[in-house]
There are 2 protein chains.
Amino acid sequence: MAQVFNFSSGPAMLPADVLQLAQQELCDWQGLGTSVMEISHRGKEFIQVAETAEKDFRDLLNIPSNYKVLFCHGGGRGQFAGVPLNLLGDKTTADYVDAGYWAESAVKEAVKYCSPNVIDAKTIVDGKRAVKPMRDWQLSDNAAYLHYCPNETIDGIAINEMPNFGKDVVVAADFSSSILSSPIDISRFGVIYAGAQKNIGPAGLTLVIVREDLLGKAHKMCPSILDYTVLNDNDSMFNTPPTFAWYLSGLVFKWLKEQGGVAAMDRINQQKAELLYGTIDNSDFYRNDVATANRSRMNVPFQLADSALDKLFLEESFAAGLHALKGHRVVGGMRASIYNAMPLAGVQALTDFMKEFERRHG
Amino acid sequence: MAQVFNFSSGPAMLPADVLQLAQQELCDWQGLGTSVMEISHRGKEFIQVAETAEKDFRDLLNIPSNYKVLFCHGGGRGQFAGVPLNLLGDKTTADYVDAGYWAESAVKEAVKYCSPNVIDAKTIVDGKRAVKPMRDWQLSDNAAYLHYCPNETIDGIAINEMPNFGKDVVVAADFSSSILSSPIDISRFGVIYAGAQKNIGPAGLTLVIVREDLLGKAHKMCPSILDYTVLNDNDSMFNTPPTFAWYLSGLVFKWLKEQGGVAAMDRINQQKAELLYGTIDNSDFYRNDVATANRSRMNVPFQLADSALDKLFLEESFAAGLHALKGHRVVGGMRASIYNAMPLAGVQALTDFMKEFERRHG
């Protein structure tokens, strides 16, 4: 069959080289005669996998030594509870910036634990959806932390500014859909978390980067599996971690290093985004509703001027090997998720298809 | 290389046929041109995987229609919090039967949410470790539920009685290491849970079976990812589930059906256990410290009379393709975990090795 490019928003495309290696060694890993998913997480073989993955992840993001990396269960949704349960301490409020679906979902979970101060950062610029600049975010005086989501997977909205609110403001950010896609100045953050299933590996694993001085103040009702201190004290093995997802994420980190690391990804992601948004903007047939400065380079929602053609577009694109382009139900239209694993050739194939589709139906 | 038999306690051996099938289709699942771990959990293809796995699981355990099955994040440790957070309601205590390491660990988590009434069920029978019969368990009057662990993975202790405390007693049980190994009368339980990584599939997935009348009373601070009602209302897709683990567990369920289901497993597990315990008992060289009635058929700890030979036993058994026989650090000695995926031939190879080792070193 023709090569398939999978634009799923997550679980998402993985690097072809990584999947092929995982396939080769699935039944006999490192000559052990067993699969990596069959061995103990406490044995020296898996400890090696775990430590190497953490080291490579630290290298890729230049994580300072005063930050801990945790490999957790529970997904981004788990961290919607994990963040307040670990960071509130004796405070009763936190600032939550709302710029899209996931930021809002984090608020819905946070109300179980505190009275969030919701900062509505949505705005309109030149008729397009946008996010207010950070200098206009009205932080409260007594917040334990500030939470925001720098890339909204569903809305296709990105906040590209790096936070700079001074050392007393603990910033917690949901990087699920943009981690490893461009450099991050980790030192600006207290906590960064990311579900693996977009830019890291298979679903079921979550990475948390936490500044060590924030440990030790989990709520007394915090489940151990979400308690950063417990996880850190046990090298993320307080309970059996999702070992296969950890292993496969490690292969992705190795692959990223081979590609030139996050800086190289950043360049390719920029090329991919320019190609796709350029195709949309140079046409009256396609439309994207997000202001240029807030356009996500990872998730590109777009509408056909004539939505009656949506079904045909999806059928024909699928037949052409361009999968999972249907937009999220709350936005409609199309969405192309173009994470690190999506090669430039995939975006080229998509834009070629879009132009040809427009030629035939425009 | 020679065939390897992996006696790991979890993550554990998977059926060879299942791993081979997963390997074949890892990069191109059902002709889609993508891996099953790359597709959306909300697409029709994965929904089919999910629903089939649940149906097969229900068939295997004869789960009545008034019980819900949830596919969760968080492992058994997650359920140590999940059970009290979902079942306490307005009560402040629950009965916790302590018969081993995991039952005790559940108590340590439960104290965050209630004042557990700990029932020490450990006893000694004929000089061997045993568990008091259920009729001797002193239940409290005001307990929200009774929690116990029917198979202690580390201690090698099993509670084979089925609970029968009347309809007002909600029984919650941690079946992580024995689920699907023998029939269970589900109707005796309020909640059954099991981490997947022993008898179900890869680590990172947890199955919960919950009687539907117990839904709807989660604690207001219960994280959504542990809230049975939220999970049930969203068909276990409130957040992205561990899709690959769910898929692979589904393959295990199909394999179990092909083998003749749980009744057939029960017979084979009995044969395996008789062969291994028989070899231990017919020797002064090996020893098991658990009373016959409470011996686990899944996890068989045994000691060498001369512990100075432990290291050699482990080296030689590994060289013979018998992996992961080292006992848990809190018990020492050896442990053979012989879950469903371990064929009788594996236990035969182990007992042959044990006899030969005794002949040479006894």
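Every residue, even glycine, has its Cβ placed from backbone N, Cα and C.
All annotation found in TrEMBL is predicted automatically rather than curated by experts.
Cross-referencing A:T34, A:T52, A:T153, A:T279 against the pyridoxal 5'-phosphate binding annotation in TrEMBL, which names A:G76, A:R77, A:W102, A:D174, A:Q197, A:N239, A:T240, picks out A:T153. When secondary structure is read from DSSP and collapsed to three states, A:R77 (pyridoxal 5'-phosphate binding site) falls in the helix class. Listed in sequence order, A:S9, A:G10, A:Y101, A:W102, A:S176, A:S177, A:K198, A:S296, A:M298, A:N299, A:H328, A:S337 are the same-chain residues at least 6 apart in sequence whose CB falls under 8 Å from the CB of A:T153 (pyridoxal 5'-phosphate binding site). A:T240 (pyridoxal 5'-phosphate binding site): 23 other CB atoms within 10 A of its CB, across all protein chains.
Around the Cβ of A:R77 (pyridoxal 5'-phosphate binding site), the same chain contributes A:S105, A:E109, each under 8 angstroms and 6 or more positions distant in sequence. The Cβ of A:D174 (pyridoxal 5'-phosphate binding site) has A:G76, A:Q79, A:W102, A:A103, A:A106, A:H147, A:Y148, A:C149, A:P150, A:Y193, A:A194 as same-chain neighbours under 8 Å, each 6 or more residues away in sequence. Spacing of A:R42 (L-glutamate binding site) relative to A:T240 (pyridoxal 5'-phosphate binding site) is 9 Å (Cα to Cα, whole number).
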